[in-house]
Amino acid sequence: MTETADLWPQLLGQLLERQSLSEAQAEQLMNGWLHNQVPDVVSGAILAALQAKGVSASELAGMARVLQRASLGSPLDLPLLVDTCGTGGDGAGTFNISTAVAFVVSAAGIPVVKHGNRSASGKVGSADVLEALGVNLSAEPEQVRAAVAEVGITFLFAPHWHPAMRAVIPYRRALKVRTVFNLLGPLVNPLYPNRQVIGVYAPELVPVMAEALRLLGRERAVVLHSREGLDEAGLDQPTDLGILSGGLVRTEVLNPRDYDLTPAPVQALQGGNLAENAAILAQVLQGSGAPAQRDVVALNAALALQVAGAVPDWGSGIAQAREILASGAAWDRLQKLVNFLAS
């Protein structure tokens, strides 16, 4: 007990020296949090020190591994499984772009396990908007898993799948600032997708998150941050990418002006309240909505389609995503998910 009690101040001291924790140390720390072994005052100091130093890939990977193991899920026996969950928190108030992308990718015949939550920032989260459109967030875990085979997509409402994380809620509420927990959500999908597209709220997180995905054993992934400040690829400025493929991470820049896309500022992508965001999502998935709304979904879907191996390049992905949106197939997927989880 004394040895464990001594560990937490040691980790704090290491972080205050601006030295990152190893994966093993990060695992120890997360286990300590989940089992209420770390004193509150030390926990707050550790979270602040992590944030001030800048979270590392080893810290993210170690913590995520523990949280994923502690979830109620287990790997699905599928060779290809995609998630499009981002960090959120960019403050831009866009409509639910990555949620729309999930249904486009599913309509392309790729199994999708969308992991998400309600918004923590007063905006509209993926869970909020899908619930407004009829998705049952309280479906039994077995039914949520079965939807992947039956519908081609499912939605995992994070709080139902991560009961162990209740232990850290008090720290997050008390601090009221960003912490490492804002980054862990996309890394801990309980159904273990092997391919991911993750938007992050700050450019410096792109290589860090991509390396964390490599350490966690993902096959292919793209981490992105638009220079407009979005955790999505935007239509006005280039987007910085961290691409994981073949066990290596490389950086690349995606310029929307290289493609036949509607140039549009962030303001053209903004949502509103819950009803407004639900209406935009429904319109876009049915092939209507504003051109900029459709194009930003097509662009981001292209990244996911390429990660999934469904298209050879982003241009082909944009074209396929546009066809899917125009056909209403993505809306059909949503309706099938609503009906399946309601039964």
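Even glycines carry a Cβ here, placed using N, Cα and C.
According to Swiss-Prot, the anthranilate 1 binding site annotation covers GLY86, ASN117, on the basis of sequence analysis. Taken from Swiss-Prot, the feature 5-phospho-alpha-D-ribose 1-diphosphate binding site covers GLY86, 89-90, THR94, 96-99, 114-122, SER126. Taken from Swiss-Prot, the feature Mg(2+) 1 binding site covers SER98, GLU232. If you look up Swiss-Prot, you'll see ARG172 marked as anthranilate 2 binding site. If you look up Swiss-Prot, you'll see ASP231, GLU232 marked as Mg(2+) 2 binding site.
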For the binding-site residues ASP231, GLU232, which one has the sparsest Cβ surroundings, going by other Cβ atoms within 10 Å?
ASP231
ASP231 (Mg(2+) 2 binding site) versus binding-site residues GLY86, ASN117, ARG172 - nearest by Cα:
GLY86
Distance check, please: Cα of ASN117 (anthranilate 1 binding site) against Cα of ARG172 (anthranilate 2 binding site), rounded to an integer number of angstrom.
15
Considering the binding-site residues HIS115, ARG118, ARG172, which residue's Cβ sits among the greatest number of other Cβ atoms within 10 Å?
HIS115
In sequence order, which same-chain residues at least six apart have a C-beta under 8 angstroms from SER98 (5-phospho-alpha-D-ribose 1-diphosphate binding site)?
THR84, CYS85, GLY86, SER126, VAL197, GLY199, GLU232, ASN300
Among the binding-site residues THR94, ASN117, which residue has the fewest other Cβ atoms within 10 Å of its own Cβ?
ASN117
Calculate the distance in Å between the alpha carbons (Cα) of HIS115 (5-phospho-alpha-D-ribose 1-diphosphate binding site) and the residue listed as 'anthranilate 2 binding site', and round it to a whole number.
20
CB neighbours of GLY86 (anthranilate 1 binding site) within 10 A?
29
